[in-house]
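One structure is given below, encoded as C-alpha cells.
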Amino acid sequence: MNPNQKIITIGSICMVVGIISLILQIGNIISIWVSHSIQTGNQNHPETCNQSIITYENNTWVNQTYVNISNTNVVAGQDATSVILTGNSSLCPISGWAIYSKDNGIRIGSKGDVFVIREPFISCSHLECRTFFLTQGALLNDKHSNGTVKDRSPYRTLMSCPVGEAPSPYNSRFESVAWSASACHDGMGWLTIGISGPDNGAVAVLKYNGIITDTIKSWRNNILRTQESECACVNGSCFTIMTDGPSNGQASYKILKIEKGKVTKSIELNAPNYHYEECSCYPDTGKVMCVCRDNWHGSNRPWVSFDQNLDYQIGYICSGVFGDNPRPNDGTGSCGPVSSNGANGIKGFSFRYDNGVWIGRTKSTSSRSGFEMIWDPNGWTETDSSFSVRQDIVAITDWSGYSGSFVQHPELTGLDCMRPCFWVELIRGQPKENTIWTSGSSISFCGVNSDTVGWSWPDGAELPFSIDK
C-alpha cells in the first residue's frame, strides 16, 4: 500500500468512527429526553376525574431526629377561578357527626417544632379548609413558652395552616398581629380580622388577601374582642360580631358588614340584659345565625340572627339541655338567660334546624373536660330537657376547651346544601396541669346523613415535657 492509500484509509476510518460517535451521542440525548418525558408524564398525567392531587413531602431534621412536618397537597387540574359564595343554601339534613380532622399538635410538639397556640378555628373557601390559630410567639418545649397562659400580649399573632396539620413554622402562614381574631373567605379572597393593642384602646385591623383594607377602634375602651371563629359570608359580603365592654355585665355589641375588607355598614344591637361574646356564626338560606357566649348571667346560649341589611332578631336557646360551662344540671330551660350557674362561660356553638337544635357542649358541668353533641328536636323553642341523640366526642376524663362552628359551602362540597361542621379545642397545660405553658390541639367533625360513631378523640399528650421539669 503506497503512502497515499494509507492516508486515505486512515482518514476513512476516522470519519466512520466520528460518525458512529455522533450517532451514539444523538441516541443518548434522545434516550434522556424520552426518560424525562416518561417521568414527568407519570407525575402530571391527567385523570378522567375533575382534579388530581400531587403530594410533596416537606421534611426536616430536629436534633438529629427525622420529623415529617407536613404533607402539602397541590390541587392540579382544578378551575381556580373566583366564585361568589352565595350562602343561600339551607343546612344539610344530618343524623350525626363524622370526624374530619385531628392535628395532634401537642403530641408532635414534644419533639418537633410546633407553635404554642390557643383559640384555633377552621374556615373553608371554595377550594380548601384551613386551621387558623392565635400563636404566643413561642414553640412548645422552649423557654419562651413560659407564662403563655396569658390571653393578651404583643407577641400573639393570627396564623393559619392546612386543616389537620400540626401548626409549625414550616407549614403556617402569617395572617395578622392579634390576640382576638376571625377569618372567612367570600369566594374571591380571605378576609382576616385581627385585634391587638392595649385593653383600653385596642384596634381591629382588617385585611383582604393579606392587604390592610380597614381598621376599627375600640369604642368603649374595654377589651374590644371578636369571634375566635369564622365570620360568615353571603353573596360577596362577610359579617362578624364584635363586643366591647365588661365581661361580667352589660356590654356593647356590633354587627359589621364587610365587603372586600371594607366595613360598609354596622349597627349596635339593642340588647339590654343580653351578653354576647365569642359568637359562632354561619350562613343559612341567605341569612346569618350566630350562637354566642353569655359570660355575665346565662348558662344557656344567646343567639342573634340577621339578614344582609342587618335587620336582626335576638333570643336565648330555650332548651333545658344547657350548653354553657359552668352550668346547672339539665332541667327546665328559658327563652331568656338561665341565671343558675350563669356567671363565666366558654365559647361554644349550636346549629338550628327549625324548632330543633344540635347543641355542642362539654360533658362536665363545671370544668372544661369532655365533649358531646346533643340533638334536641324541639330545643330551639321549648324549655324541656328531653333529647333524642347523644354522640360522644371526648370523654369526661380528658380535657376539652373552646368549640365553634364552621360550614362547607356547596361550591366546595358539590352538595346542594350547606354542610355544618364544628371544631373542639383540646387545652393542655396551665392552669390545670403542672407545666410552664398553655397550649392546645384540635379536632373537627362534619355533619353527615349516614353512619357515625361516638368515641373519645382526646389530645393524648403525656405531660410534663422536659422544659417543665
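Cβ atoms here come from the backbone N, Cα and C positions, even for glycine.
Predicted-model confidence for the region 'Involved in apical transport and lipid raft association' (11-33) is 68, expressed as mean pLDDT. The region 'Involved in apical transport and lipid raft association' annotation in Swiss-Prot covers 11-33.
What Swiss-Prot records for 36-90 is region 'Hypervariable stalk region', and it gives sequence analysis as the kind of evidence.
Summarising the annotation, Swiss-Prot assigns region 'Head of neuraminidase' to 91-469 and lists sequence analysis as the type of evidence.
Annotation for R293 (substrate binding site): spatial neighbours H275, Y276, E277, E278, C279, R301, D324, G345, I346, K347, G348, criterion Cβ-Cβ under 8 Å with sequence separation of six or more. What Swiss-Prot lists as substrate binding site is R118, R152, E277, E278, R293, R368, and the listing cites sequence analysis.
Annotated Ca(2+) binding site per Swiss-Prot: D294, G298, D324, N344, in sequence order, evidence recorded as experimental evidence. With a 10 A radius on its CB, D324 (Ca(2+) binding site) counts 26 other CB atoms from all the protein chains.
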For E278 (substrate binding site), what is the tally of other C-beta atoms lying within 10 angstroms of its C-beta?
24
Close in space, distant in sequence - R118 (substrate binding site), Cβ under 8 Å, 6 or more apart
F133, L134, Q136, D151, G401, Y402, E425, I427, T438, S439, G440
Distant-in-sequence Cβ neighbours of D294 (Ca(2+) binding site), under 8 Å, six or more positions away
Y274, H275, Y276, E277, N300, R301, P302, Y316, D324, P337, G342, G345
C-alpha spacing of N344 (Ca(2+) binding site) relative to R152 (substrate binding site), in angstrom
18
Rounded to a whole angstrom, what is the largest C-alpha distance between any two of the residues R118, R152, E277, E278, R293, R368 that the record assigns to substrate?
20
